[in-house]
Ligand SMILES: CC(=O)N[C@H]1[C@@H](OP(=O)(O)OP(=O)(O)OC[C@H]2O[C@@H](n3ccc(=O)[nH]c3=O)[C@H](O)[C@@H]2O)O[C@H](CO)[C@@H](O)[C@@H]1O
Ligand SMILES: C=C(OP(=O)(O)O)C(=O)O
């Protein structure tokens with residue numbers, strides 16, 4: 001199992017190119033199931049989750065290949081879909097496999113998808129995906145751990161989800177584009193990956209309005225065509241690098257990054273004392289002093305993202321003062337806390353709130369990654385800790401970061417992968 005060995009204490013300098021967003025790539029790869037015509041995605045990040053999605057599509061008979069000449073380009077052809085099933089073996093390694101449910105049901109009138117089950121950050125049910133598709137007329141049964149869905153043709157419906165759900169909104173939007181009549185999605189998620197998916201679907205011939213707001217209107221069409229689409233930059237990867245540089249100190253410019261998708265995180269970094277400038281497709285972060293601890297509360301976009309909670313907490317650990325952090329999206333997203341404490345952090349958790357009392361220095365140790373963003377927070381802590389930090393179980397990191405250690409080495413970090 002690969003590990004990362006980090007020698008902390010080096011400031012970071014230079015430039016990093018931000019990859020395409022994992023959370024846009026996964027639904028957009030699944031959206032290719034909606035058409036028999038060729039789909040080309042560019043700016044596809046090199047991630048384990050993308051490999052898993054390509055494998056899932058191939059198991060359905062779909063041609064889905066990365067270009068050898070242009071590795072950020074993936075060509076997909078779903079003209080000959082031979083299976084409408086996502087098996088437990090794949091869904092258990094990647095929850096986002098649930099995103100094939102909407103497209104399969106919409107185009108073929110049937111789908112069999114394993115229930116994802118809980119994961120390291122929470123129980124994460126998919127009841128809203130199911131409820132929405134039932135409202136569109138699908139017959140759904142859950143048996144032997146699988147969702148079995150059937151319909152003649154989905155019918156447009158008015159759907160209000162009980163809570164804001166990102167993949168739920170995406171799944172229902174992909175189901176509705178081929179349904180008969182109009183669908184209204186109320187309480188829709190507004191994360192930038194949703195308008196990115198909607199724009200791809202519109203280029204395929206879908207009729208969608210209101211994407212990027214909490215009310216999405218979809219007029220179903222008979223069929224969709226092929227498309228070439230460039231995936232939006234990964235705001236969470238960008239936010240992770242911003243926190244790393246602010247914590248370790250230095251001066252780094254992120255290229256192909258969208259500051260307008262990171263307003264809440266950038267505001268908090270400025271409150272902490274980092275200097276941030278930005279243009280249309282770049283963000284520059286500078287810091288040469290000890291930061292101030294800053295509290296925040298995670299919530300749906302455009303508020304502070306839960307996917308940045310662990311990384312910002314790592315920064316608070318070595319800042320001056322005390323920060324109060326509240327996690328409102330997932331019930332169990334503090335698995336990194338005990339590992340940060342092993343590095344010398346002072347953190348107390350009470351329910352959904354963590355109180356971080358900044359310490360002047362962390363000290364390197366061996367720590368274990370428990371989920372994707374927890375892993376990133378341990379890498380940031382390792383970059384600022386005194387001595388050597390070994391981060392074990394980094395397969396979590398490979399699921400969602402495109403060559404993180406190579407990018408960090410490029411800006412001066414002392415970080416190596418050990419096999
Ligand atoms: C692939 C992808 O895009 N993953 C992101 C997506 O996950 P994901 O789409 O799984 O997260 P949701 O937005 O659905 O979850 C929000 C909350 O709603 C609950 N819920 C959700 C659906 C449902 O049917 N029933 C239910 O109870 C969840 O347990 C959670 O407490 O949004 C999360 C919240 O921004 C991010 O952390 C993930 O990185
Ligand atoms: C929780 C995350 O992803 P997923 O929904 O794929 O588990 C994440 O990206 O932080």
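Note that Cβ sites are derived from N, Cα and C of the backbone, with glycine treated the same way.
Heads up, TrEMBL stuff is auto-annotated, nobody curated it.
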Ask   = For the UDP-N-acetyl-alpha-D-glucosamine site that TrEMBL assigns to 124, 125, 126, 127, 128, 307, 329, which of 84, 95, 158, 270 is also named?
value = 95
Three-state secondary structure, which DSSP defines for residue 23 (phosphoenolpyruvate binding site) = helix
Request  = Would you mind listing, in sequence order, the residues at least six apart from residue 307 (UDP-N-acetyl-alpha-D-glucosamine binding site) in the same chain with a Cβ closer than 8 Å to its Cβ?
outcome  = 236, 239, 373
Key: recorded positions whose CB lies under 6 angstroms from ligand 1, from 22, 23, 119, 126   = 23, 126
Key: For residue 127 (UDP-N-acetyl-alpha-D-glucosamine binding site), the three-state class that DSSP assigns   = helix
Note = Candidates 95, 124, 127, 307 (binding-site residues) with CB under 6 Å from ligand 2, in sequence order, are 95, 307
Ask   = Could you tell me the C-alpha distance between residue 126 (UDP-N-acetyl-alpha-D-glucosamine binding site) and residue 22 (phosphoenolpyruvate binding site) in angstrom, no decimals?
value = 20
Note = Cα of residue 119 (active site, proton donor) to Cα of residue 95 (UDP-N-acetyl-alpha-D-glucosamine binding site), in Å and rounded, measures 9
